[in-house]
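Record features (TrEMBL):
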- 37-283: domain 'G-protein coupled receptors family 1 profile' (DOMAIN)
- 21-43: transmembrane segment (TRANSMEM)
- 55-74: transmembrane segment (TRANSMEM)
- 94-116: transmembrane segment (TRANSMEM)
- 136-154: transmembrane segment (TRANSMEM)
- 200-221: transmembrane segment (TRANSMEM)
- 233-254: transmembrane segment (TRANSMEM)
- 266-285: transmembrane segment (TRANSMEM)
Amino acid sequence: NFSRVTEFILLGFSDTQELQLLFYTLFLLAYAMVLLGNLLIIVTVRTDPRLYSPMYFLLCNLSFIDICYTSVTAPRALVALLSGHKAIAFEGCMAQLFFLHFVGSSEMFLLTVMAFDRYTAICRPLHYTAIMARGACWALVAACWAGGFIHSAVQTVLMLQLPFCGPNTIHSYFCDVPPVVRLACADTALTEWLMASNSGLISLGCFLVLVASYALILAKVRARVSPGNWKALSTCASHVMAVTLLFMPCIFTYLRPAGSSPTSKYVCVIYTIFSPMMNPLIYTLRSSEVKESMWRL
């Protein structure tokens, strides 16, 4: 594609050594919490037969996705902060972009499936076992991964068709569509709108589906007041918090052309580091079964 750029420079957060050490410490602690928290959930669910239910099966898959999602950006950022080496090869940048959108969109689809699981359990309890059978759960998880792959493949193909022949400085700590598209030495208006429609509409569409499902759950709970329903409502409230942490920054980042004002790198931290770090706390602290299983483990 006539590109003359062989590498990009990820500026990160700061050039000051003291601030780099501070950010390195914070990133290392956050990444360690993501790994330990999500691995603990996976081991707990896999070893306790009492957690053999669709909700915990999906939660186990969410923890695995969170580990993969954070591992796409965090290790490279930690190396850059510690060593000061901020260059990333063109191929490495494209690979990071591909896996970021592959795993990130798969997580969005999985959160939508988890909302459907809660809706079915609360609004159609007599049919729950038949609807959310183990085979259906595996099919839904496979569909999430397939949807993420198709979305990411489209994004990557659009990126690889752009020529890069000028500046190679990215004002972020990882390669993503908006900052990289800005560096292309070609008219990218159509490509920007296609990418905004792809990533932005997926984020917005999944978020609206999630909001609608939780609204239906709320209406059902209010119609039938019982301790079990209020417990379900409390669980859904924590899920809404996790969904908001992930979707709102993504909608703000992707549902607009890349040529508009740059997205703050600190906004990107919310959905690449902070959201995967909070998911284990949000999804386990509201579940007495998981907490008891962790103590036994």
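Note that Cβ sites are derived from N, Cα and C of the backbone, with glycine treated the same way.
Take the transmembrane segment (55-74) and the stretches 21-43, 94-116, 200-221: counting Cβ pairs under 8 Å, 94-116 has the most.
Below 8 angstroms of C-beta separation, residues 12-14, 59-60, 63-64, 66-67, 70, 74-75, 77-78, 81-82, 273-274, 276-277, 279-281, 283-284, 290, 294, 297 of the same chain, each at least six residues beyond the ends of the transmembrane segment (21-43), sit close to that stretch.
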